Every structure is written in C-alpha cells, then in structure tokens.
C-alpha cells in the first residue's frame, strides 16, 4: 500500500505537534521560572533602585556635609595660617625685642658708666668748688683782717699806704709834739731793682738802707727801719739839708728776686709787719701816753694779740 505525501506530512506534523506538546510545558515551566526570576530580579532591582535612591539622598546629604566640612576645613586652615603667621610675627617681634633689649642694656650700661664718670667729675668739681669756697671765705677773712690791720695801723701806728707811680708809705704819730705831721717815702720796684723816689724829710742813711733792701729783699725791715729813722731824727733833730741830698743817689742797681710792687705788696707788707706789731705798739704807746693819753685807748690789747696770734698773718719764708 502506498502512503501518500499528505499522510507523511500529516504524520510529521503530528509528530511535531506531539513534540511541541511535550516541549510546551517544559518551555512553560522555563518561562514561568524565567518570569519568576525576572520578577525576583525586578523586585531586587526595585529594591536596589530604592536603596540607590536612598544612598543617593544620603550621598547628597554627605556631599553637602562634605562641602560644609570642606568650608570649615578651609576656614580652619585659614585660621591656622593666620595663627602661624601671627606666631611668626610674634616670634620676629620677640627676637627684635630681645635684640632691642640687649641694645638698651648696652646703652644702659654705657649710660651707667657715664653716670658714674659724671658723678665722679661732679664730686671732684664739688670738692674743688668747696675748696674754692673755703679759699674764698679764707681770702675774705684774710682781707677783713688785713683791712682791720690797716685800720689799726692807721689809728695806732699812723701808717698809711698809697699806690701810684710807686708805693708810698706815710707815717704819722712820729712827732710827739705834732701827731698829725706826715713823714713819708715812696719806693718803686722795677726790673728787680728797688728805687727810692722820694723821702720827706730826707734821711742820712737812706742810701745804705736802700742798698741793703736791694741786697736782702727785706721790704718790711726797710719800712720799719725807715720809721725808726724818722723817729730818731725827730728825737735828735738830725734831718739833713734837703738841698744837699740828690735824689739820683737813691738809685742802686742791685737785683732783688721779688715780684713787681702792686696792691698785693701792701697786703704782704701788712701781713709781715703783724709779727712785729707788738714792739711797735709798745714804742708808740709810750709816745702816745706822753703826748696824748687818750690815744692809747684806741689800741685794744685783745685785738692786737688776736692779730698777732692769727695764722693768716704769718709770713711764709
């Protein structure tokens, strides 16, 4: 029997249908499994998406916080930088201050040394000033005592000194009959030579006395001797004739090692004559008592003795 093509095709189709029927449940199972797997995957994806969204939200928040932290970090770094810069500036200032302190310490030590030096100079100047003041006071006291001595000589011994072309020694109280009569002589010292310029009244021994004065340089002795000569001449009336005396004979060129006669010579002479005023006082007191008793009261023994004892009237030889 012959099988037709249609049957063959039908058989094949039936076989294929059977095969397909067998495969359809399998494929259906597979599709269901795939569907379930897809659903699970979809659910998982949704969950992951939700988690991702949550994470993205958290990430955004973290980014915001991070930006805030970055801003804070920048600010902190800026503050730190400023603090470090300030610390560096403070360190530099401290170093400069230390250098300035060392410099000022050196200046202070220098000023202290200068202060000590100035203090020593001031102390020395103060001592010198004190010495000068003491010397000035002493000089003033000496001047006062010299003035007192001059007044004493003027009142008691009748001695007066005038300075001009030479030193003029004027005596009174020589003549008991005429206490006010003046006896004088003038001495000039020039080029280490004493010259007797005038002598009124003239004395016989004037040349010899002047020669001795130029030899010994004893001006006080010369003045005292001249006064004694005046007294002796008045007592004995032995004055020479004025016309017979030549003034040129009184010039004796003998070197005398003393300084030029000036106002200081007056003080020196008075200081020297204090040593011998006691003798002069005794001699003049006798004459004053004979001529004018009241004149003796002018001489105070206390003042005379105090002048005689005064160390300022001692002559340094």
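Placed from the backbone N, Cα and C atoms, the Cβ positions cover glycine too.
The coiled coil (52-149) scores a mean pLDDT of 89 in the predicted structure. Residues or ranges marked as coiled coil in TrEMBL: 52-149.
Residues or ranges marked as compositional bias 'Polar residues' in TrEMBL: 263-275.
The compositional bias 'Basic and acidic residues' feature in TrEMBL is assigned to 276-292.
Under the heading compositional bias 'Low complexity', TrEMBL lists 294-308.
If you look up TrEMBL, you'll see 164-231 marked as domain 'Chromosome segregation protein Spc25 C-terminal'.
The region 'Disordered' annotation in TrEMBL covers 263-317.
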Could you put numbers on the helix, strand and coil content of the domain 'Chromosome segregation protein Spc25 C-terminal' (164-231), residue by residue per DSSP?
24 helix, 23 strand, 21 coil
